[in-house]
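J.: Sharing the record's features from TrEMBL:
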SITE      15  site 'Transition state stabilizer'
SITE      22  site 'Transition state stabilizer'
SITE      152  site 'Positions MEP for the nucleophilic attack'
SITE      208  site 'Positions MEP for the nucleophilic attack'
Ligand code: C5P
């Protein structure tokens, strides 16, 4: 089953404290952004990549695409103030496809197997998102005091990719834009429509490069896979 992927790459990465877009930081031999793009470049089921970028970084990114032989990028629309806006600007340019995958450019360790499971589930069910089971004891805390210990068996930590049938994600984004709803992931927009979202078990290695410690973890994953 074929799909196109939206990669928001227009963040500032303040929590990384790198003084530049964290996606340009190198993990071993290549920028984080390139590691992520290569996963989709090498996946025969991926027929197109949409990359949301900061306008002032577009030329630099185009140079990277050329340098590393990334040929599947169909557009580099301008990102927005929030991640959801960046995803939306890609969706506005994308033509009708079967399945749309939304994936953080800052998660370079996603595997073809997990992508295939997500695409399959979205094809059958409309919407499917990657997640892993919570490992730690989970408690709800208010003002430094434990309010409640939450049943861990029902808790999942949600990642990207998130996969959707095209018409469903287009409708969800349009409604969210109309009413000014801002979610922390695309699934929230679909949930608001009352549509079921399925979970696909992912990997703890599919970590988002957010803070400096993540870079150490990321390099360890790359060395293990080499
Ligand atoms: O900041 P964080 O890592 O959670 O952002 C997730 C992804 O969304 C990153 O790949 C980042 O570049 C992207 N993003 C974006 N536009 C924004 C904020 C974040 O494309 N306004």
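For all residues, glycine too, the Cβ spot is worked out from N, Cα and C.
Automatic prediction, not curation, is the source of TrEMBL annotations.
I'd like these features described in context: how deep, what's nearby, how far apart.
T.: Residue 15 (site 'Transition state stabilizer'): 13 other CB atoms within 10 A of its CB, across all protein chains. The DSSP secondary structure for residue 15 (site 'Transition state stabilizer') is helix.
Other Cβ atoms within 10 Å of the Cβ of residue 22 (site 'Transition state stabilizer') number 25 in total over all chains.
Mapped onto three states, the DSSP output places residue 152 (site 'Positions MEP for the nucleophilic attack') in helix. Using a 10 Å radius centred on the Cβ of residue 152 (site 'Positions MEP for the nucleophilic attack') and all shown protein chains, the other Cβ atoms total 14.
Packing around residue 208 (site 'Positions MEP for the nucleophilic attack') is summarised by its Cβ count: 15 other Cβ atoms lie within 10 angstroms of its Cβ, all protein chains included. Look at residue 208 (site 'Positions MEP for the nucleophilic attack'): DSSP puts it in coil.
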J.: Write down the Cα-Cα distance for residue 208 (site 'Positions MEP for the nucleophilic attack') and residue 152 (site 'Positions MEP for the nucleophilic attack'), rounded and given in Å.
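T.: Per the Cα atoms, residue 152 (site 'Positions MEP for the nucleophilic attack') and residue 208 (site 'Positions MEP for the nucleophilic attack') stand 22 Å apart.
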